[in-house]
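These notes concern the structure reproduced below.
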Amino acid sequence: MKVLWVALVITLLAGCQAEVEPEPEPEVQLGREWPRWQGSQPWEQALGRFWDYLRWVQTLSDQVQEELLSTQVIQELTVLMDETMKEVKAYREELEGQLGPIAQETQARVSKELQAAQARLASDMEDVRSRVAQYRSEVQAMMGQTTDELRGRLASHLRKLRKRLLRDAEDLQKRLAVYRAGALEGSERSVSAIRERLGPLVEQGRVRAATVGTLASQTLRERAEAWHQKLRGRMEEMGTQARDHLEEMREQLEEVRAKVEEQGSQMRLQAEAFQARLKSWFEPLVEDMQRQWAGLVEKVQLAMATSPTSAPIENS
């Protein structure tokens, strides 16, 4: 179930709107539109697993859905909400640290967007938890009755959620591309600014050296050349520092990517463990029902086998 919340974190951090379109949507079976969303990044794969999990839940029986909507699940949702908000805060602080060299105006704008996304995320997660609790109450109130209407309502909500997730995921891809391009452009712009500032100085030094070489003695030429070499060495030093800073930023981006991959692997293992736990819940019930059915069939066969012998005894 952590996959669900991580997917919500990613989509809502991109600044997507949490509003659901009120107009009706055509009936579409789950799984028909998903192939058009493809991705190789860990968060994109997690988004696909999240929707597969929702589709799997919808196909379960009433009894299994009652188990999933128990009080324990609500408590787990609350714990996941707290953990998710901690991860969002840590990620926001880390991203703000990565944006340190950028202009103050850009940094303030990005920080404001992230804070707004964090607030929207908390509100949306609370809404999801309320919807789950409401659906659980409706199922309990209709115990022994048909739940087709509730299933239809759940399917409609999932279709709207899918449309919003697809839209937000595409928006997130664009935002990530823009942020990455902006970071690289900022680094290149810093190197270009250094070259622009040192270029006139170097050119001025060359002109002055040529003038001094024309009007002065060999000693003055040597001094001018030494000054030129000094300026050149300073320019190379500053250029090296700029390249080192760019390489450091790239290494930090690689560390962030490795951390995201590690967290994705952990969440995948937790999802597999949760699926195994669900399987262990229902396998004993299925085996018990099979045993009871086999016993019932055996009793019926035994009764049918003994019925012809009992009839003559009653006639005598």
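The backbone N, Cα and C atoms fix where each Cβ goes, and this holds for glycine too.
Swiss-Prot lists Leu161, Arg162, Lys163, Arg164, His228, Gln229, Lys230, Leu231, Arg232, Gly233, Arg234, Met235 with the feature heparin binding site, giving similarity to another entry as the kind of evidence. All protein chains considered, the CB of His228 (heparin binding site) has 15 other CB atoms within 10 Å.
Residues or ranges marked as methionine sulfoxide in Swiss-Prot: Met142.
Marked as region 'Specificity for association with VLDL' by Swiss-Prot on the basis of similarity to another entry: 277-289.
For 211-232, the entry in Swiss-Prot reads repeat '7'.
According to Swiss-Prot, the signal peptide annotation covers 1-18.
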Largest tally of Cβ atoms lying within 10 Å of a Cβ, found at which of the binding-site residues Lys230, Arg232: Arg232
The region 'Specificity for association with VLDL' (277-289): DSSP-derived helix, strand, coil residue counts: 13 helix, 0 strand, 0 coil
Average model confidence [pLDDT] within the region 'Specificity for association with VLDL' (277-289): 82
DSSP three-state assignment (helix, strand or coil) for Arg234 (heparin binding site): helix
